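Listed in TrEMBL for this protein:
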REGION    1-43  region 'Disordered'
DOMAIN    79-244  domain 'Bms1-type G'
REGION    409-579  region 'Disordered'
COMPBIAS  427-436  compositional bias 'Basic and acidic residues'
COMPBIAS  437-467  compositional bias 'Acidic residues'
COMPBIAS  509-523  compositional bias 'Acidic residues'
COMPBIAS  534-549  compositional bias 'Acidic residues'
COMPBIAS  559-572  compositional bias 'Acidic residues'
COMPBIAS  698-707  compositional bias 'Basic and acidic residues'
REGION    698-732  region 'Disordered'
COMPBIAS  711-722  compositional bias 'Acidic residues'
COMPBIAS  723-732  compositional bias 'Basic and acidic residues'
REGION    1083-1116  region 'Disordered'
COMPBIAS  1088-1100  compositional bias 'Low complexity'
COMPBIAS  1131-1146  compositional bias 'Basic residues'
REGION    1131-1194  region 'Disordered'
COMPBIAS  1147-1161  compositional bias 'Basic and acidic residues'
COMPBIAS  1162-1172  compositional bias 'Basic residues'
Amino acid sequence: MDGKEKKQKKHQQKHSGPKAEKKKAKKQGGSVEEDERKRNPKAFAVQSAVRMAKTFHRAQDLKTKKHHIPLVDRTPLEPPPVVIVVVGPPKVGKSTLIRCLIKNFTRQKLGDICGPVTIVSGKKRRLTFMECSSDINTMIDLAKVADLVLMLIDASFGFEMETFEFLNICQVHGFPRIMGVLTHLDSFKNNKSLRKTKKNLKHRFWTEVYQGAKLFYLSGMVYGEYQTQEVKNLGRFISVMKFRPLVWQTSHPYVLADRMEDLTDPEKIRTDPKCDRTVSLYGYLRGAHLKNKGQVHIPGVGDFQVSDVNFLPDPCPLPDAQKKRALNQKERLLYAPMAGVGGLVYDKDAVYIDLPAGHVNQLQEELRPTTELVQSLIDTHATLDTKMAASKVSLFSGSATLDPAGISQEAREEQGFQEETVWDPNTQRERRKVVFTEDEDDNSGGSDSEDDDSDGSDQADDEDEEEHPQAAADCEEKPAGGAPPQKKQKVEAEALRTGSSAEMPAFADSEDDLEMSEEEEEAGSPGDSGHSSEDEEEEEEEEESEDEGGAAVDLEKQESDEEEDEEEEEEQGALRWKEGLQQRAAEAFLRQQEAAPNLRKLVYGSVVEAKEEEEEDEEELGGLFRVSRPQKSKKVQTNALDCSRFQPDAGRDWDGEEMLDSIRDCFVTGKWEEGQDAETLLKQDEELYGDFEDLETGEVHVSHPENTENQADDDDDDEEEETQVKVDDEEVQKNKRLEKKRRLKERFDAEYDDGGDATYFDDLKEEMQKQAELNRAAFEDMDDESRVQYEGFRPGMYVRVEICSLPCEFVTNFDPHYPVILGGLGSSEGNVGYLQMRLKKHRWYNRILKTKDPLIFSLGWRRFQTIPLYHIEDHNGRHRLLKYTPQHMHCGASIWGPITPQGSGFLAVQSVAGMKSSFRIAATGVVLDLDKSVTIVKKLKLIGYPFKIFKNTCFVKGMFNTVLEVAKFEGASVRTVSGIRGQIKKALSSPAGAFRATFEDRLLMSDIVFLRSWYPVSVPQLYNPVTSLLLPAGEKDSWSGMRTLGQLKHDLGIRNKPNPDSLYKPIVRAKRHFNPLHIPKELQKALPFKSKPKQQQPKGKTPRDLQRPSVIREPQERKVAALLQALSTVHNHKRKKAHTAQHAKHKEFLQQKEKEEEAKLKRQREAKKKLYRVMGQMDQKKQRSSLKGAAKDD
């Protein structure tokens, strides 16, 4: 694969041009911009104070936006693994992504993802992966313990409901870090639609999470897995991510169980299969400290008392926490007991070795190496020391055998390998290269090629060093000469000597052999020549990038570890061969030195001169500091002559003058260099700092009192000169004091002015940092056993929690795909009581919620069903019961449930059974109060009818039943439907429940009187924990509790009989007849005339004598009338005809006139156009002439 990949083009630096010139100038001295600023400061002055103020304010705003409230860092020195929850709808690629990430970090393939999978991702971080199914119970539980959420989104489909449901769950229970991952991008054939989809999904994701939230793109799959580089980038982001502490998690201890064991007596189970079980759950403790015998809640099971807690050895330890390598190197990095991965399982009193069931009865040759190792451990009858003492080695065929006592130290020295310090210009640090002896030079090609390969991971090394600066510093500061090459174990020496000819065995008979084989495989020794596949090369490169130093650092660690082990073995007991060791070693060394002459002394003269030349070559850094090269000095020391080189009787005469002169300058009073004599330096110091004046007493102290006395005795004339000199000295002293004060002031100003940039936020952070250091230092020196007694089990420990009285269904129906969480409860969180909440129906839930309908709440660690009462606070402080939740508005809710701290968020769902197409989260809110101080009341209207009416008083019946009830409501205000207000006065003796009331006005018998009252409502005491983990394996998502009234009626087929008064009826209105208006005669007299009723009689029939008779014309008159009618008809016809003709003529005239008007207007427009054109030309001429005149004037 590596051969086919295209090699990336190297970056070519520019040697000419403005960039290159800038770089050259920067190397030679200060930058060009600084020179320009110094040369012309006015050009770089502030141009606009307002703009500068705006820029400054904006920069400060952006800086302040990034601030979080500083919290005390309570993370332990060895933090628990980071919980990474992979969420998404079904078939989106969750299991595939987890498998790819595990393969990226550990180079191991995992089949079925069952339960938490813990891996080591780097020197300081471990990761626990957990897959989250679409079951709402699992989503709620994992959102409470997640540190990081990988939210998988099918890009070809878009967002699904599960994504938004999980986001809303996280918003309620504390928002962890969330990273989106887009999958199925290879289904897009068109690049443009792919870009558009990416952009839309990214912006929608930003809306839900926060602006700029990280969204990864997994472009496609290769052989059923995501592309290696993309998974590697995602893994790098995960391994360096920082997390904010969440309030609920940091204040409560919790364990995400990765292993479960049933400790119940088998005999008890046999006699009673349904008996309660005793179970031990294992996992990393997170959050706060856990006390023994405390109370825990297991979501999906219930509340339990912890019977015992123990901490166990870490099954997946960090690399730097464990000095010696584990039994099996590969499985050490991956721990998933529920998935059947992880070789050793530690218990309180035993260590279990996981042997595959199908392989136990097979032959030994067919077994895996790990099982082979286990079998060899089981079959071992003699200890390792006994075997080593009895073993004998034959170097050549037919030669004598050598026992361990006969092998000399020199043989071990010659066969070892040494270190060489190499300065790597790419990483800008010293790297320790392994240099093998001449016997192994032929096989060094493999290690060279691997060194070349490791250069590609320099960038990864740098990034890891940035993330773990302390680890990198520790790595670099280790002295290279820390592991002398002569201290080597015999087994390793043998392996290195025979490594060129034979491969390492696939398995080992002892732990030391296994360590050596694994270490040599890492270091690229000849032993792994038979396993040089590309997978292993990638594996080695990845290990180099994670361990920040490649194979050399591992080798150094290996040597130092082995050295420590060897020293410990030596200290355990003195052996017989140590008697007279010093004398024998000196004699052997002298014999060897006499036999082998010092070639360097013969060629170069003396070793001391060469040493001095090397010291002169050491350059000073900045004229102040000298570069320390401990490696070089140690090389010189090893090559130089030792004191034991000389004969014991060749002593030195330390009383001789020459010998004393030769070492005189080695002491403080000697002369170290030219111009650095001790006496002259002391005199200069006395001149500088000898004289001083006591500012309190005014006394002057002179540095040379003896000299001045001698001079005064010698000559009187010198006294005058001394007084003159004394005056000058006083002036000098005064100037010195002023200079000293000035320096002190400058130092004071520098110290406090530099701190002027420190803001309140910085002070707060520093205070939190000090508190965190104090917390860590409190129990730092104690061992774990006693520390646990004081502070409890601290986060990061791998604990075993034993719980009694668990339902048997938990064990029999156990499914590792569902998370088991042990959430620690506070002192009062185990009690049940009344809770006051602020609740809002979720805007995406398509139904409103009804009071007294059962609802499933997720509050704290618990999931439980209860009956809420919704209410709203009126302006007068009354809490009025609501029948339904209001739309787009908060309301109060009162429930009977577990006591949870105020401010804790909660969410509610109507049902957790099955999958629904619609949004499942019904409501969200927060806990306000923990008592029953709020009294919820509902409105109650009492109705009565008047049965006896006086003026403004009436007797009312039907509202109450007894005299006692009336007495309770005396003085209450009542009202009629028509709006007349009144008050209850007193009860009547009969009928029962009747009372006397007074009103503002007289009532009618048809009036209805009502009393508006408020009735207190009690909260139903229902607390039903959701026990989803107790259901059978395939039915854990089908838990159903109490049904709502609507569901009950629907299931039972009950239909409500409606109230007849509520039904619509046809309205029949009878016609009303009004009586005639009657006005009294006295009132008629007083009315004006127009208002008086008129006494008008109805008209009768006209009598015949008053009726007008009809006229009968004569024949002549009839003829005349007919003629006149004919003439008038003709005349009317002619007139109408003439009028029509006139109208047509007038219409024609108007059309003609309109045409003429149009022509006239056209002519006028043309004329105007010509006129305006001429006027425009004249204006242009005037403009040109004016411009010419202006130019001439200039």
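Even glycines carry a Cβ here, placed using N, Cα and C.
Automatic prediction, not curation, is the source of TrEMBL annotations.
In terms of DSSP helix, strand and coil, the region 'Disordered' (1083-1116) has 9 helix, 0 strand, 25 coil. Look at the compositional bias 'Basic residues' (1131-1146): DSSP puts its residues at 16 helix, 0 strand, 0 coil. Computed over the domain 'Bms1-type G' (79-244), the whole-number mean pLDDT of the model equals 91. For the compositional bias 'Basic and acidic residues' (1147-1161), the DSSP-based tally of helix, strand and coil residues reads 15 helix, 0 strand, 0 coil.
In the compositional bias 'Basic residues' (1162-1172), the DSSP tally of helix, strand and coil residues is 11 helix, 0 strand, 0 coil.
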